[in-house]
Amino acid sequence: MQIFIKFAILGLGVGSLYALASQGLMVIYRGSGVLNFGHGAIGMIGAYVAYELHNVHGLPYGVGLAIGTAASALLGALTHLLVMRNLRRASPLARIVATLGVLIVVQSAATVRYGGKVRSVKVALPNNLIRMGDIVISVDRLILLAIAAVLTTALWLFYRYTNFGMATTAVAENQRASSSIGLSPDIIATFNWALGSALAGFAAILVTPIVTLQVTVMTGLVLGALAAAIIANFRSFPIAFVAGILIGMGQSELTNYVSTPGWSGAFPFAVIVVVMLVRGTALPIRGYFLQKLPAVGRGNVRPLAVLLGVVVAVVLTALLPALWQDSMVVTFAFAIILLSIVVTTGFAGQLSLGQFALAGLGAFFAGRAADVWNFPFPLAILFGVVLAAPVGALFAIPAVRARGLNLAIVTLGIGTAVQLIVFQNSKWTGGFIGTVIGKPSLFGLDVSATKHPDRYAYVALGAFVLAALSIAALRRGRSGRRLLAVRTNERAAAALGISVAGAKVYAFAVGGSVAALGGIMMAFRKDTIIFGTEFTNFTSILAVGYTFLGGIGYLMGPIFGSFSSPGALGARISTAIFSGISTYVALIGGGLVVLIVLQNQDGIAKESTMQIKFVANKVLGLAKRKVREPALITLPPETRERVRPMTLHVKDVTVTYGGVTAVDTVSLDVVPGKITGLIGPNGAGKTSFIDAVTGFTRAANGSIMLDGNDVIGIEASKRARLGMSRSFQQLELFEDLSVLDNLRAASDPRDKRSYFTDLFWPVNPPLPGSVVAAINEFGLAEKLNLAAQDLSYGERRLLGIARAVATQPSVLLLDEPAAGLGDAETAEFAKLVRRLADEWGIAIMLVEHDMNFVMSVCDHIVVLDFGRKIAEGTPAEIRANPLVISAYLGGHDATDDHSEVSS
């Protein structure tokens with residue numbers, strides 16, 4: 001027990017750092033809504049300033065502490081004013097990448113200035129020992145704990161009781177409303193960035209005598225602070241304080257009880273994963289804010305352009321000297337790893353900061369196979385690529401219940417854990433000698449990078465071309481549409497029968513294999529692989545930044561991004577022109593990432609594509625040749641067949657949110673060929689009822705029978721595949737996809753085989769005749785080439801319903817389908833909905849506020865008020881029901897005034 005207490009006390013130092021740093025993260029998040037991944041780097045600058053002033057120039061410790069803290073505060077304020085303020089309306093992905101760019105810039109600048117040397121810092125706090133029986137306590141740990149506790153209390157009081165604290169909360173809730181009452185979001189955010197960064201600097205200065213001072217140390221340590229902030233849900237300062245202390249103590253205990261290297265450092269990340277799995281949701285809740293993401297390419301391949309590019313690369317490689325050929329290898333290998341980010345983040349929308357860990361694992365599997373089991377080079381590559389797929393799928397487990405910045409934190413944590421546990425374990429990586437791969441050969445030809453760098457460069461080029469062509473095929477196939485549907489709107493994808501979890505796992509598995517291929521190409525450049533320096537969490541961060549720079553949704557984006565990576569062709573060219581510039585490559589790359597986020601979030605590839613099209617159109621115009629317009633899509637013959645009849649029987653369904661009952665024991669039937677209306681005042685529980693029936697909200701009680709089978713325990717996508725589809729009040733279209741691809745996403749077969757075949761030969765089967773009938777029925781035949789976001793509002797409404805009908809449902813639930821339509825459009829739409837019931841045989845449940853619409857199309861109507869069913873019957877019976885009239889008119893007896901119900 002004494003040993004346990006001893007190690008717990010030893011953990012108080014790092015635990016105090018976690019507590020203080022987490023407070024700084026939360027201050028910035030509360031003030032601006034931004035999770036600052038550069039928090040540790042900003043704190044590190046303060047620590048270096050204090051070190052130079054106190055340890056180098058001999059100034060008093062207090063002076064160094066104050067100026068170092070102020071330096072971090074200034075850097076934080078500048079980060080907001082110069083970068084983040086301009087991204088207030090940008091997507092969460094853009095804001096995250098911007099903070100990653102700041103991290104790259106700050107850490108690279110520090111590396112240029114201070115190098116990688118580890119510096120011991122003089123102890124400033126008293127470190128004499130206190131004995132309590134057999135337990136020895138160092139005073140500096142207790143002082144750090146006291147400082148963390150006092151600052152936590154001060155922050156809690158400040159943000160809870162002061163006007164500024166309340167103003168910060170108001171701005172975080174609604175910036176526009178706050179501005180209307182005279183609050184300045186800019187001033188509030190700037191102050192919070194400065195205060196949060198000052199806390200990072202203050203914590204870093206205090207803890208450097210314990211953890212030593214090195215450029216990369218603080219970035220790694222602040223990840224532990226993220227775990228504390230996540231436990232506190234970025235809201236509660238006291239909870240973050242307790243969590244930070246406990247995490248630090250837990251790490252210390254692991255150093256005593258677990259001898260395997262890395263497990264202690266990985267402990268905070270295990271905490272993050274557990275919290276995300278417990279707290280997350282399989283699908284976003286209703287009202288989850290969807291924001292525009294970077295553009296995505298179509299995946300079209302032009303054989304002549306590919307051939308020309310390959311020929312140029314081959315000729316260039318043949319003419320270059322050996323060092324330049326190695327840079328070509330780095331460019332192609334890095335591009336392959338960036339290509340994996342295009343799949344996971346660009347296509348699937350899952351921000352992964354652990355791709356270099358997957359690349360390293362691929363190199364680890366292949367390298368050990370070559371070293372220990374003497375696998376030939378091609379078989380070693382295959383071994384590493386194949387094994388990386390299930391590991392990538394394991395990375396996706398948190399993605400099933402997390403998204404956005406939470407997922408970014410989790411994947412960075414997992415990647416760092418892999419680095420600590422696997423890559424820094426000398427027993428697994430070959431000890432001091434490393435992993436010896438021998439002399440790679442391909443079809444009997446020696447392709448060793450050390451002896452024949454040109455041949456190995458051709459191998460790397462071939463690997464990139466094959467990987468890019470495979471991902472292009474994926475983008476054009478059914479699997480690509482599924483990924484883009486999930487990226488754009490998970491709820492809408494699930495409503496169409498797409499397995500959101502399956503799509504995410506697939507994206508990470510493919511991304512893992514692609515990253516592994518790049519990692520193998522990178523590692524096999526040398527005769528011996530040293531994993532600890534090549535595949536780090538900082539390189540994963542660099543990779544995301546460079547992919548965003550090149551174009552995270554485009555297949556050529558990785559080439560543009562990798563060109564600027566350390567050791568690549570861009571760095572080689574720069575070094576040849578400007579001597580010594582290689583030291584600044586990462587710094588310049590980070591600066592470019594920040595600039596591209598500020599100026600063009602679609603990346604260089606999108607801009608280049610637009611410029612090429614512009615020039616081509618100008619050339620064609622000068623040549624007096626007509627610019628080719630997109631051809632109208634020729635549709636196969638339509639077939640109008642009645643759907644398989646199914647009855648939806650809902651009995652005593654109850655939905656609760658915390659202690660609030662939104663739906664209270666509601667029962668109704670929806671039968672084939674009939675329309676059942678569900679009406680009620682705002683807040684009556686209508687949409688909550690649809691969410692429960694379709695699987696988007698858990699029903700607390702009751703049964704939901706579809707064709708005699710209880711589906712209450714079945715997830716939303718499976719209910720859709722069983723024959724139950726829905727539309728959404730807020731449309732929830734796939735804005736990045738064309739009208740045709742929106743409909744294909746709904747009607748594509750859900751076979752799992754396409755997940756494999758699409759990587760080599762994507763097949764898009766003809767549209768079913770019933771889907772063609774829906775296209776014609778809704779008047780979308782001439783709009784199929786347009787992006788969904790380019791349609792008029794009425795057309796977007798029609799597309800939302802047509803997409804639901806394209807799943808060929810037996811039961812269709814429409815949530816306010818006529819909202820925002822004019823009288824003439826509503827009348828035409830009413831006829832269309834009636835035809836879906838009469839001619840198609842679909843069982844329809846209609847939620848709508850337009851009483852003319854409801855009364856004209858419905859066969860049966862159910863009325864809700866405050867979550868309870870108060871009436872049901874035919875339209876005529878509902879029109880005359882005094883309870884219904886009372887609910888709509890506010891509770892008074894108004895039997896003579898039927899205007900609102902009957903109008």
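Cβ coordinates are placed from backbone N, Cα and C, and glycine is handled just like the others.
Annotation comment: TrEMBL describes 648-891 as domain 'ABC transporter'.
The feature transmembrane segment is assigned by TrEMBL to 63-84 (among others).
TrEMBL lists 96-114 (among others) with the feature transmembrane segment.
Tertiary neighbourhood of the transmembrane segment (135-159): same-chain residues 2, 5-6, 9-10, 12-13, 15-17, 19-20, 23, 27, 30, 123, 125-129, 165, 168-169, 199, 206-207, 209-210, 237-238, 240-241, 244-245, selected by CB-CB distance under 8 Å and a gap of 6+ residues from either end. Per TrEMBL, the feature transmembrane segment maps to 135-159 (among others).
If you look up TrEMBL, you'll see 193-213 (among others) marked as transmembrane segment.
TrEMBL lists 220-247 (among others) with the feature transmembrane segment.
The feature transmembrane segment is assigned by TrEMBL to 267-289 (among others).
Per TrEMBL, the feature transmembrane segment maps to 330-349 (among others).
Within its own chain, the transmembrane segment (379-397) is flanked in space by residues 277, 350, 352, 354, 358, 361-367, 369-370, 411, 414, 437, 504-505, 507-513, 515-517, 519-520, which lie at least six positions past its ends and keep a Cβ under 8 Å from the stretch. Feature annotation from TrEMBL assigns transmembrane segment to 379-397 (among others).
Counting residues 6+ beyond its ends, the transmembrane segment (404-423) has Cβ neighbours under 8 Å at 35, 37, 92, 96, 220, 223, 226-227, 230, 260-263, 265-266, 268-270, 272-273, 276, 280, 350-358, 360-361, 364, 395, 398, 429, 531-532, 535-537, 540-541 in the same chain. Annotation source TrEMBL lists transmembrane segment at 404-423 (among others).
Residues annotated as transmembrane segment in TrEMBL: 456-474 (among others).
Look at TrEMBL and you will find 541-563 (among others) tagged as transmembrane segment.
Annotation comment: TrEMBL describes 575-598 (among others) as transmembrane segment. Among residues of the same chain six or more beyond the transmembrane segment (575-598), those with a C-beta under 8 A of the stretch's C-beta atoms are 83, 86-87, 90, 94, 97-98, 100-105, 108-109, 111-112, 542, 545-546, 548-549, 564-566, 604.
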Taking the transmembrane segment (456-474) as the reference, which of 96-114, 193-213, 330-349 gives the largest number of Cβ pairs under 8 angstroms?
330-349
Are the transmembrane segment (96-114) and the transmembrane segment (541-563) near each other by the rule of at least 3 C-beta pairs under 8 angstroms (pairs 6 or more apart)?
yes
Recorded stretch, among 96-114, 193-213, 330-349, maximising Cβ pairs under 8 Å relative to the transmembrane segment (63-84)
193-213
Where else in the chain does the transmembrane segment (330-349) make close Cβ contacts, counting only residues six or more beyond its ends and a cut-off under 8 Å?
93, 293-294, 296, 355-356, 358-359, 403, 457, 460-461, 463-464, 467-468, 471, 474-475, 480, 483-484, 486-488, 503-504, 507-508, 510-515, 517-519, 521-522, 525, 543-544, 546-547, 550, 552-555, 557-559, 561-563, 565-570
